[in-house]
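The following features are taken from TrEMBL:
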DOMAIN    27-477  domain 'Major facilitator superfamily (MFS) profile'
TRANSMEM  20-40  transmembrane segment
TRANSMEM  82-100  transmembrane segment
TRANSMEM  112-131  transmembrane segment
TRANSMEM  137-159  transmembrane segment
TRANSMEM  171-192  transmembrane segment
TRANSMEM  204-224  transmembrane segment
TRANSMEM  285-309  transmembrane segment
TRANSMEM  321-343  transmembrane segment
TRANSMEM  350-372  transmembrane segment
TRANSMEM  384-405  transmembrane segment
TRANSMEM  426-446  transmembrane segment
TRANSMEM  452-473  transmembrane segment
Amino acid sequence: MPAGGFSSVTPAGVEFEAKITPIVIISCIMAATGGLMFGYDVGVSGGVTSMPDFLKKFFPVVYRKTRNPGIDGNYCKYDNQGLQLFTSSLYLAGLTATFFASYTTRRLGRRLTMLIAGFFFIVGVVLNAAAQDLAMLITGRILLGCGVGFANQAVPLFLSEIAPTRIRGGLNILFQLNVTIGILFANLVNYGTAKITGGWGWRLSLGLAGIPALLLTVGALLVVDSPNSLIERGRLDEGKAVLRKIRGTDKIEPEFLELVEASRIAKEVKHPFRNLLKRRNRPQLVIAVALQIFQQFTGINAIMFYAPVLFNTLGFGNDASLYSAVITGAVNVLSTVVSIYSVDKVGRRVLLLEAGVQMFISQVIIAIILAFKVKDHSDDLHKGFAILVVVLICTFVSAFAWSWGPLGWLIPSETFPLETRSAGQSVTVCVNLLFTFVIAQAFLSMLCHFKYGIFLFFSGWVVIMSIFALFLIPETKNIPIEEMTERVWKQHWFWKRFMDDDEVAAVTNGDIAKKNGHANGFDPTSQL
């Protein structure tokens with residue numbers, strides 16, 4: 001494996017017996033509707049903010065600028081902090097909600113946390129669809145953000161814990177697939193509602209978010225909690241019964257004993273957030289935080305939030321811009337399906353590195369075209385170049401959708417040990433939402449000031465993240481979650497130095513008797 005990988009895997013790992021049962025597939029599909037809601041919220045805001053009736057009611061200053069491009073250039077007509085706050089307030093609220101979601105995920109379980117998310121989503125949708133003023137609109141977005149915080153905390157954990165090891169990557173990416181389907185659904189809805197006369201099309205766009213909100217709520221009522229969560233909360237018999245049910249076999253004792261041991265070690269950790277900062281947990285924390293920052297600085301959310309606005313800026317006209325957004329949304333969905341099939345075959349690293357090259361090339365070419373063809377007061381982008389820009393943006397979106405998009409959630413959810421998993425996921429979601437908020441709040445202003453240079457800005461970040469992936473992100477495919485320390489971190493050329501401290505040695509010595517007592521060969525140090 002190239003530099004930055006790890007040397008040959010030790011044979012210590014145990015592949016537990018598990019069938020791919022209908023209950024696992026159904027549970028994962030139901031849980032992943034949290035991603036559908038998140039995606040719809042991402043996609044709907046860009047289309048709604050390009051609708052004249054919506055702008056006229058809530059953002060009259062922006063409306064006047066779009067009606068008279070001479071007031072500001074093409075790149076600056078949507079530059080408005082209030083308009084950006086409509087989009088970004090959701091992510092700031094999600095950031096705050098994540099701190100509470102970490103507690104509920106650990107104490108109340110993954111299932112109940114998803115139910116809380118569904119409740120926030122439903123109330124937020126009602127307020128948005130019925131909004132009479134900007135305060136009501138923003139309040140609805142804030143409640144939707146709380147739902148995002150709870151859903152993004154619980155769903156990836158639930159999917160990672162309930163899925164058999166050999167298809168864990170594919171099932172976990174169901175969350176990201178639903179995010180992309182949500183974005184596409186929102187783009188299609190916006191395309192239809194933009195044609196409604198009477199000024200209420202935007203209400204329908206915002207109100208239809210109730211469909212994924214109800215799906216998540218009903219799904220949370222129907223699914224079983226993960227065995228990891230039940231055992232973690234002391235419900236051993238129930239956890240064992242659920243494990244037998246989801247694995248479709250009676251030969252679950254080795255996996256059950258490993259989960260019980262992992263839970264015992266986790267309970268010894270009284271302060272999971274403080275424990276996250278310990279030296280032995282630094283590799284997982286650094287990679288989780290870096291993945292979230294890099295995911296946002298690919299520029300993907302800037303394009304997905306504001307796709308119609310961006311295409312409008314390039315002179316596509318309202319109908320054509322919404323249509324182009326639908327095309328990019330469809331490419332997003334199809335490429336995420338590619339990721340589901342390939343992530344457990346070719347591995348995580350190959351997808352990240354290939355996508356880095358593809359994203360960099362497409363962004364640089366887009367910047368060159370815009371530099372020469374789209375000026376502040378140019379009326380239109382030549383049809384041939386317009387089509388080329390859409391193709392290049394689709395090339396960029398496809399690369400992201402089979403790499404940094406889904407893997408930004410998958411890798412952190414499968415690498416944290418149980419005792420810090422809830423806290424680690426909380427930090428992951430927090431950092432993601434923080435930088436999503438930053439990009440959402442700043443993008444239209446950056447577009448105004450950087451102009452075509454915005455794509456060069458993001459392409460520079462793509463180079464940095466690709467170098468990081470090459471040297472510092474190890475391969476985790478087909479490795480049981482509870483064995484990551486032994487089989488990944490202790491084998492990696494760089495991160496292994498964080499595994500050899502006295503703390504790990506002390507725990508190893510203290511638990512050696514217990515280890516010898518287990519016939520399944522479980523290594524307690526794999527939890528540290």
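Every residue gets a Cβ built from N, Cα and C, even glycine.
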Within-chain partners of the transmembrane segment (384-405) [C-beta distance under 8 Å, separation at least 6 from its ends]: 176, 179-180, 291, 294-295, 298-300, 303-304, 311, 314-316, 320, 324, 327-328, 331-336, 338-339, 342, 351-352, 354-356, 358-359, 361-363, 365-366, 369-370, 373, 465
Contact check, the transmembrane segment (82-100) vs the transmembrane segment (137-159), 3+ Cβ pairs under 8 Å, seq sep 6+: yes
Same-chain residues near the transmembrane segment (285-309), Cβ under 8 Å, at least 6 residues beyond its ends: 42-43, 45-47, 49-50, 78, 87, 183, 187, 190, 276-277, 318, 321-322, 324-325, 328-329, 332, 359, 363, 393, 396-397, 400, 404-405, 407-408, 411-412, 415-416, 424, 427-428, 431-432, 435-436, 438-440, 443-444, 446, 454-455, 457-458, 461-462, 464-465, 468, 472-473
Close approaches to the transmembrane segment (426-446) from elsewhere in its chain (Cβ under 8 angstroms; 6 or more beyond its ends): 78-81, 83-85, 87-88, 91-92, 94-95, 98-99, 101-102, 105, 145, 148-149, 152-153, 273, 276, 285, 288-289, 291-293, 295-297, 299, 301-302, 305-306, 309, 408-409, 412-413, 454, 457
Cβ-Cβ under 8 Å with the transmembrane segment (204-224): same-chain residues at least 6 beyond its ends: 23, 26-27, 29-31, 33-34, 36-37, 40-41, 44, 47-48, 51, 111-112, 114-115, 117-119, 121-122, 124-126, 128-129, 131, 140, 144, 147, 151, 158, 182, 185-186, 189-190, 193, 196, 242, 245-246
